[in-house]
Amino acid sequence: LFAGIYPFYLQQRKAFVFDVSTIIVIVVFLTFACSFLLIIPGIRGRVRLYWTLRVLLSLVVGVVIVAVQFTGDWETGWVKANTSYKSFSRALVNVDVGLHVGLAGVNVTLMGNPVNQVNETINYNEHFAWSFGADYDHSYSEGLERGLPSPILYVAEKFTMQSPCGVHRQYRISSHYASATLWVAFCTWLISNMLFSMPVLVYGGYMLLVTGAFMIFSLFSFATVRNTPMCPIQFGTTTLHTGYGGSFWLTLVIGLLCFVAGITVAALHYFNLDLLKTFFDLREDKAEEYQEMTEVYINPHFVNKGL
């Protein structure tokens, strides 16, 4: 106590799903999409549909690869509980406690039912980072000094290095490797777009397969945290259980989409090259080239001169 008052201070909160970095990524890719939609009316015929499909699918893959780096719902869990609100206080509150694990750290959410209880507004979301350059234990110590609500500190303590649970290192390393493989997937996605524009279609398809493979590798890396038994997070008789969140499943879907697209491009290259060239707007150029060569060979002027 400080002068008879519990030490409790507000801090800047961070959304557990979307934050500033995620919004910036989405806005950048939306700008690219809108710019393309402005020029799409200038493309004639069915080629307009093919261009739209290719560009939008490619942008979706790119924005997902980058955006999930900053989301906080790779692993999530909620529990409704009656628990103490502050240390050294017997007052119980009815709250929803949420745990949201991302690649950059952990978000702990506390929301009252109702929001106004014990003469306070219970609606908090605290972020504890473990990315490079961040010290998780230091963030937790700052939370103790600020006097954060007991449920938040109780959940966050499970991921500290001094915790008997021993999950901090596993989560941190798994998240770092998952993030690194996703950045590699982003690079291979860029290379695939370059190859499609050169155009070297079959190699672009191969790079899409590599992109999907690295996205799946990132999922395998993050999933290794399941090999470490998680300490029970209990509030009275209720237990907080976690499962894979939206970012995990979205990455899986886009990774499988890259596999399907890459296999389709490679199969069309070997079994129906004309259809593949039509989809990538290459068949007309070749036809014009052959037409010009045909006109040159049948020029009557050269035929009459015996050439």
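All positions are counted from 1 along the displayed chain.
Yeah, the Cβs are placed from backbone N, Cα and C, and that goes for glycine too.
Taken from TrEMBL, the feature transmembrane segment covers 20-39 (among others).
What TrEMBL lists as transmembrane segment is 51-71 (among others).
Nonlocal intrachain contacts for the transmembrane segment (91-110), taken as residues 6+ away from its ends with a CB within less than 8 angstroms of a stretch CB, comprise 14, 16-17, 68-85, 117-118, 122-131, 134, 136, 149, 151-152, 155-156, 159, 171, 175-176, 178-179, 182, 222, 233, 235, 240, 242, 245, 247. If you look up TrEMBL, you'll see 91-110 (among others) marked as transmembrane segment.
Sequence-remote contacts of a segment are chain residues at least 6 beyond its ends whose Cβ falls under 8 Å from one of its Cβ atoms, and for the transmembrane segment (177-196) they are 54, 58, 61-62, 65-66, 68-69, 74, 103-104, 203-205, 207-208, 210-212, 214-215, 217-219, 221-222, 251, 280. Feature annotation from TrEMBL assigns transmembrane segment to 177-196 (among others).
According to TrEMBL, the transmembrane segment annotation covers 202-225 (among others).
What TrEMBL records for 246-271 (among others) is transmembrane segment.
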